[in-house]
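Undergrad: One structure is given below, represented as structure tokens, and several questions about it will come after.
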Amino acid sequence: GAKLCMLADMLGSSGSLTGVDVAKHRLAACRTMLQKYSLGDRSRLFVADGTSFSILPVNSNLGSMEEWTSKRSWKDRQKSKKAKAAGSPHLPSTSEPELIYYGKDSGLVGLQKRYVLHPSTDAAACTSGYDKVLVDAECTHDGSIKHIQKFEFWGWKTLDRRVLNVERTGNLLHLQLGLLTNGFKLLKTGGSLVYSTCSLTVAQNENVVQQFLSKHPSAELLKINPADSWPCRSGGIQKTLRFDPATSQTSGLFVAKFVKL
């Protein structure tokens with residue numbers, strides 16, 4: 001929520017901001033913060049899987065349609081009600097992204113649902129995709145000092161189970177690569193993407209970046225020029241950055257910036 005608010009503040013009076021998270025409670029917290037600080041006018045929030053989300057920024061040339069509402073239609077609600085009463089397992093799909101918030105200047109006011117939730121193609125994304133994408137990836141949080149301090153109370157066996165578990169880590173690496181891949185897919189040509197985690201591990205950072213680059217020749221790492229004056233060090237791959245307690249007097253953070261050629 002704090003990062004989303006910072007981006008909304010930086011956005012100013014032009015463009016729009018799209019937030020995506022698979023967890024509705026996290027997005028609800030983001031919505032509360034946007035409203036609290038009056039930063040949500042140009043924002044929209046979707047409950048969706050970040051590895052498959054495919055909705056592009058609003059095309060301002062679509063024109064004004066009937067008023068959009070995030071509520072399900074009466075027809076859809078009746079279908080669901082009848083299916084439940086009949087005990088049918090074939091309930092309406094819930095995999096469709098759910099819009100839980102949009103601001104008055106987000107470009108959604110007056111659009112029909114079919115335009116708001118219209119999925120993109122790779123070709124469309126290259127020309128009409130996002131100018132900038134932040135992949136704030138799920139990670140083990142092993143670089144977060146506050147997070148690690150919790151295990152002093154929870155016990156170090158809990159750390160082993162939650163953070164160091166091989167099966168969980170394997171699933172997490174697959175998720176991180178999926179989030180990065182899909183975020184890049186939604187980026188327009190010439191646009192930039194930042195991949196970041198609060199993990200110190202090479203597996204969740206440099207290895208993910210290396211795997212991604214090996215499969216996407218149109219992706220190139222960019223130097224983050226302002227970092228020349230930041231208290232950080234170079235990562236294991238040139239042009240990537242690492243923050244850590246020893247170098248930065250902060251929690252751990254990995255950052256990589258890409259451009260779509």
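From the backbone N, Cα and C atoms, a Cβ is placed for every residue, glycine too.
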Undergrad: Looking at TrEMBL, which one out of Asp41, Asp49, Asp122, Asp160 binds S-adenosyl-L-methionine in the same site as Asp21, Asp136?
TA: Asp49
Undergrad: If the S-adenosyl-L-methionine binders are Asp21, Asp49, Asp136 per the record, what's the largest distance between their Cα atoms, in Å?
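TA: Answer in Å: the longest Cα-Cα distance is 13.
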Undergrad: Can you figure out which of Asp21, Asp49, Asp136 (the binding-site residues) comes closest in space to Cys198 (active site, nucleophile), comparing Cα atoms?
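TA: Going through Asp21, Asp49, Asp136 one by one, the Cα closest to that of Cys198 (active site, nucleophile) is Asp136.
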Undergrad: Please list, in sequence order, the residues in the chain of Asp49 (S-adenosyl-L-methionine binding site) that are at least six apart in sequence and whose C-beta is under 8 Å away from its C-beta.
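TA: Looking at Cβ-Cβ distances below 8 Å from Asp49 (S-adenosyl-L-methionine binding site), excluding near sequence neighbours, one finds Val22, Ser95.
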